[in-house]
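*Asks:* Take this structure, written in structure tokens, and hold onto it; I'll ask about it next.
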Amino acid sequence: MKIAIEGCAHGELERIYDTIACIEKESNTKIDLLLCCGDFQSTRNLEDLQTMAVPKKYLDICTFYKYYSGECVAPVLTIFIGGNHEASNYLQELPYGGWVAPNIYYLGYAGVVNVNGVRIAGISGIYKGHDFLRGHHEFPPYTESTCRSVYHVRQLEVFRLKQLSGKIDIFLSHDWPTGIYEYGNKAQLLRKKPYFAADMESGQLGSRPLEELLKAVQPSYWFAAHLHCKFAALVPHQNATKAPTKMGDGSSSSSSSSSSESDDEESTSRLPPKPVAVTKFLALDKCLPRRAFLQVLDIPSEAIEGNPTFEYDAEWLVILQSTNHLISVKENYYYLPGKKAGAIAERFNFTPTEEELDSLTTKFQSLKIPENFQRTVPAFDPQEQSNYKHMVVGQPTAHLNPQSNTFCSVLGVDDPLCLALLANGKDLPAVADQCQDQEPIEGSSPPPEPLVTPSKRKLNLFLPAPTVTADATAAEKDDSVIDLPEEDEDPKTAETAESEAVDNPKVKAVPPPPSSPPSVKKLKRRNQNIYQAEDDD
């Protein structure tokens, strides 16, 4: 199966798909799958755009809305993870993954799927140590703080991915694992990015949780982005503890596999040593001319005619189900179970057992991922909103997606967004239905099931009745526009600064008409920085 890997998409879907079409034409081959390593920017409209954590002068609607509205259709199955420049409100509606547009699938906070038998895992976001131990407490409309923390990696997703057994063919992340540069051409990397040297020396370049995942999961391929350069590495694994297992055979216990290895150690002592398992790591650039942003690989897969088979991963579904009680939506730190739990007899190994895998068949008769995408909000209108960069638009309120509602209902897990809203005394909105101003999409799902709310036992909260009035809610909505300061999420680079050195044109204040009375009170402008002669960013 031919798979195209994209670094940072930055909303340039048309250019990416055009590049794939050129490759197919020149090589006379068909690309079966596109994987994107973050900064996808699935902005459906101007409200989504306000939740993206970038300074206002860099906000760009790009082209995703065309695929969301149905004006364009993705020519190849596309799977992506989130980065640090996303329509966070939309992705937060799909914590366990789902379709953001026809033929475009988001993996969720973390996820595992199978395409033609190729097992693909991924984790969204970037690592920031001060948020890693927190729960998923954010919900829209965001504050200046939560607009950024919402895409920071949390310990729960890393913990869940560590429970996987068997072979992982491909792993996707936005960040690089810490220390990955030691396994490639470090000198060449520093010639391209000399400002990486300080972070390398301090151990700050990359994500430490991803380094742990790399050692635990040991995938055949690991693809990343974020640092806007191409870099390859070969990572050997001396201790291959992950025993390959078939989905559903139940032989996934790490303890049993380790004991069997020790039993066979003496009998195989005279045999030649086994080849050391190696992970092939590749980071790619962002979608710009003359940049290495796309790579095509040919990976062995099941021979299937027609469209690729796209399925849930049985082991991952069981892990989600068995760790549902570990979800936290609190802002304070909390800790997950581990081996050193003292006298508390709490389960810490959630690698699925044979019985747990067998019980999954009662809930999922088929692992095929349903094509149940629905448009739930109006898409951007380029004719009516052509001057959008000078418009004042507020953030949207929280929405519940019918895909997540159905998934949570069938699997018996909680939607973290629902929990966060309830924990903060908010009323749950109704599950979004098919957008009324657009035609239904062929193959879309039937009307969503009734909203599944978390049980009182799960929440373990005693919440007062909401005290926010309608007037207060309206006032809050007026203040939902936030002006984000610059934040160094990425290492500063000369080429990045050059590519982003674009300022908004000045906006002149229009004087009142002559008939206006001279005594009109002058009001203070909201978002005054938009009207300044010079930008501070």
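Backbone N, Cα and C define each Cβ position, glycine as well.
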*Asks:* Name the residue, out of H136, H137, H152, H228, that Swiss-Prot lists for the same divalent metal cation 1 site as C8, H10, please.
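*Replies:* Swiss-Prot lists C8, H10 binding divalent metal cation 1, and from H136, H137, H152, H228 it also lists H228.
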*Asks:* Out of D39, D48, D131, which does Swiss-Prot tie to the same divalent metal cation 2 site as N84, H174, H226?
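*Replies:* Checking D39, D48, D131 against Swiss-Prot: the divalent metal cation 2 site match is D39.
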*Asks:* Of 124-154, 372-402, 434-464, which range does Swiss-Prot call region 'Lariat recognition loop'?
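*Replies:* When 124-154, 372-402, 434-464 are checked in Swiss-Prot, region 'Lariat recognition loop' belongs to 124-154.
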*Asks:* Highest CB neighbour count within 10 A among the binding-site residues H10, H174, H228?
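*Replies:* Counting Cβ neighbours within 10 Å, the top one is H174.
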*Asks:* For the region 'Lariat recognition loop' (124-154), jot down how many residues DSSP puts in helix, in strand and in coil.
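*Replies:* Helix/strand/coil tally for the region 'Lariat recognition loop' (124-154): 4 helix, 2 strand, 25 coil.
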*Asks:* Relative to the Cβ of D39 (divalent metal cation 2 binding site), which residues of the same chain, six or more apart in sequence, are found under 8 Å away?
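*Replies:* Listed in sequence order, they are C8, A9, H10, G83, N84, H85, E86, H174, A225, H226, K286.
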*Asks:* What other residues of this chain sit with their CB within 8 A of the center of the CB atoms of C8, H10, H228, the recorded divalent metal cation 1 site?
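*Replies:* Close Cβ neighbours, site residues excluded: G7, A9, D39, A225, H226, D285, K286, C287, L288, F293.
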